[in-house]
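Going by TrEMBL, these are the annotated features:
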{"type": "TRANSMEM", "residues": "A:6-28", "note": "transmembrane segment"}
{"type": "TRANSMEM", "residues": "A:35-55", "note": "transmembrane segment"}
{"type": "TRANSMEM", "residues": "A:61-86", "note": "transmembrane segment"}
{"type": "TRANSMEM", "residues": "A:98-120", "note": "transmembrane segment"}
{"type": "TRANSMEM", "residues": "A:140-160", "note": "transmembrane segment"}
{"type": "TRANSMEM", "residues": "A:191-215", "note": "transmembrane segment"}
{"type": "TRANSMEM", "residues": "A:227-254", "note": "transmembrane segment"}
{"type": "TRANSMEM", "residues": "A:266-284", "note": "transmembrane segment"}
Amino acid sequence: MLSEILIIVIRGIAIGSIFATIAMSFNIVHGATNIFNFAQGNMFILGGFAAYFLANQVGLGQWSLMLLLTGLGIAAVVAFQGYITLLPLRSSVEQDSWLISTVSVSVIVAALLMITQGPFAYSVQSVVPSFRIFGTRTPGAYALAIAAMIFWFFALRFFLRKTFIGLAISALSQDFDAARAAGLPVRRLQLIAFAISGLMVGTVGFLVAPVISVSPDAGLKYVLNGFVAAVVGGIGSNAGTLIGGPLVGVVAMLTAYKVGGAYQDLASLLVLVLILMFRPQGLFGRVGARRV
Amino acid sequence: MQATANVQTGPVSMAETKPKGRFNSDLTQVWIGVALIGITGFGPMIAGNSYWIHTFQLVNIYIAAAIFQNMLFVDAGQKSFGQGAILGLAAYVAAILFGLHGWSFAAASLGGLFAAVLGGLLFALPALRVQGFHLGFVTMSAAIVFPQLLVTLDKWTNGINGISVSVPALTNPVVFGMSPLSIAVAVFPMIALFVHYGVRRSKLGRSMFVAALSPEAARSLGIKPGVMRFLAFIVASIGTGICGILYLPTVAFVSPQGFNIELSFVFFFAVVVGGRGQMLGPIIGIWIVYILPNILLAGFVEYRLLMYGCLTLLAVMAFPDGIVGSAERLRAKRKQSGGGEQAFRIDGFLADLQAGKTVREPSDEIAVEVRNGTKKFGEVVAVSAVDLKVRKGEVHGLIGANGSGKTSLLNVLSGLSRLNTGSFMINGVDATNMAADRIANMSLGRTFQAPRIFSQLSLWDNLKIGMDARVGPASADVTALAKAMEESFGQDSATLLSHGQRRLVEVMRTVLKEATIVLFDEPAAGLSQSERTNFANLVKFLSRQMGKTIILVEHDLDLVWGIADTITVLEQGRVVSSGKPDVVAKDPAVQHMFVGSRHA
């Protein structure tokens, strides 16, 4: 019994690591643009499809190459999406347009996948062997999910603090107008942020493809859980997502175990509403000063 | 500074009476909309083809739901992606009560409507705390979870098999071959259109709109943004719930697949493609987003979602105002719209209001008193142990360098932020812990550094927001002023106003509100010299002729010294000097402020 719970918690943490990485990919775009990309879940699933078509049952060498190509490819797709999302914002004072365009891109990607691949879940062979933990075989991709979260956390931390471009993106999230006035190429930096977010979700989608449902309609599930993880951790706080993601993952797994798999999304929704009602800044976020 | 400068006479109505185009075409659009709904509502019945009758009944129901989505999304600013779930909730609860439990259709409908309102309240609950994309995610998750629950809770919902119903009393023809249902389905979208128009023209509609665009401005006008969001969700869910009730006998079947997220997207996308905020938008939007893929291109039904997405993306990229919005923009450009806003000048108002007023001097009663007030932001002490007394009817200047705590103090006084320690009273009533809207209702008004002007409203509606914020009935001269302004500026756009005029709009709001205490936050910033002179006259007038208490935060020391009765100098959150202007000017503690000024 105890070990069952332990296994569930470990799987929850692994699934939650995926949510955490998606949440971090939200954060970098949100910091640079104030945009929340509703299509991020579908971009993640695209990574899963890439794994199915490019790297199913191949050797480690080709797999690694394809991982890199998938990451770069999806980074390009998301950067292009960012470009068209930012276009109407150039002139218009209307700030809802990004909400509409990212939602419609999300619908378009899901519809394209549905038309070309059908409403099926594709299964992908893992290149990393499974391992034993508490006497149970655990797929290797779970370990990859946690490793990817940790990797991206430190990579982002280094990037945002130590590199010139990263510091410039950090400056954008601090004060947009000041950054522009200081002569930073705002639009280019924003596109880089979009590209990085694509690189993150693309690679993670590729890595965890063996343990997720690679199907056209799965994107929404991941965009929502990623968002819940971001909110629980506090929007903008990457360290917060390290707690928020696994927390949401464990809640989802425990719900599936205790109540039933059909209630997983409901559980995430409840977590989201509870956090927003009682601690809208998230567990680790800070309340900003009011500007009048 | 000469405070009693010459006032150019001339009534407000001096705007030339050239024929103006309407500021917007809302009413015209409502009538065109009624005609279009009539076509889809009654046309197929006249043609007598039962397939078309059925299809267009569904179209009309969706049009009504999209109209409520439009109101919720634009007029109330609530980004809900879950209206399809609200519709489904009403339909499903009614189907369960009617089809599975044998309730009468009327009672089951009431049950369904009740469920829809409950669902709307559930959406409104997080909307009290968060807005924008947060709410978008919450409502979208709800729309995803809803059909899942319908499947899982099969004990009550029949699960994946759905529920079939038949309501012959509603579907049998009674007059001219029309059934009560088909009449209801044809008429309800028209009612929805009038409800939307009525809400928009009402005080409630304007308050919702202001609350959505500028919560601070709304609260300083006595509006509770949370209450506005609740009301918006309730109105929208009643309307959408009725759509669900009509859906049930129309389709005669409910199943979880009928209410998946796609339905919510249809309503949302229809509003965007048709034209956000346009009365006609949802109708044209449903025609394009729903009719085009589902009826004209029915052979490509699997491409439906792709078409929704592409149409919407195209709309945002190519014509962000939507189809109706783009047409409306062309209309507004072609017609001579507005032009009367040049006449929106201070001198006109002064002349209108001045007649028969006697000069009053400030009394010794205290209007506003701050005792030992401290406001911190984290480690930063913005306002530090401030004591301040403002007499009734006086002009009280609050000066100091940037960051000295002037605006922070104004925000405390108007209730937008709270003191950490200390207290303040307004007209002898402790207001330390009062919310901004309660303070506003104690007859306090304020302006903002960046004027809160709403380009979607006409110039007069921008002013009328102040009228809406009144606590009691209007006095005779304010009523007369309001009438004159409505005639002059009812069809003018507020976007063409100069910077000085924008500030004047905010000032006039407080005049129409008849606020007895008015807080000005850097009102002269960005004004020309002549505008400053005019503004000084206005402030004098508000204080001396109308008896208002004025607290003026301003950097233009000449202006402040010209009109203030008392001046308080803040430095790093502390009061360093306070008293009559000539006394303060000689205070050694403030001498350094006067470099370059004639008071040096």
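Heads up, the Cβ atoms here are built off N, Cα and C, so glycines get one too.
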Stretch among A:6-28, A:98-120, A:191-215, A:227-254, A:266-284 sharing the most Cβ pairs under 8 Å with the transmembrane segment (A:61-86): A:191-215
Top Cβ-contact partner of the transmembrane segment (A:191-215) among A:6-28, A:35-55, A:98-120, A:227-254 (pairs under 8 Å): A:35-55
Within-chain partners of the transmembrane segment (A:227-254) [C-beta distance under 8 Å, separation at least 6 from its ends]: 8-9, 11-24, 26-27, 30-31, 36, 149, 153, 156-157, 173, 264, 267-269, 271-272, 275-276, 281-286
Distal contacts, the transmembrane segment (A:98-120) - CB-CB under 8 A, six or more residues away: 33, 35-39, 41-43, 45-46, 49, 81, 84-86, 88-89, 215-217, 219-220, 223
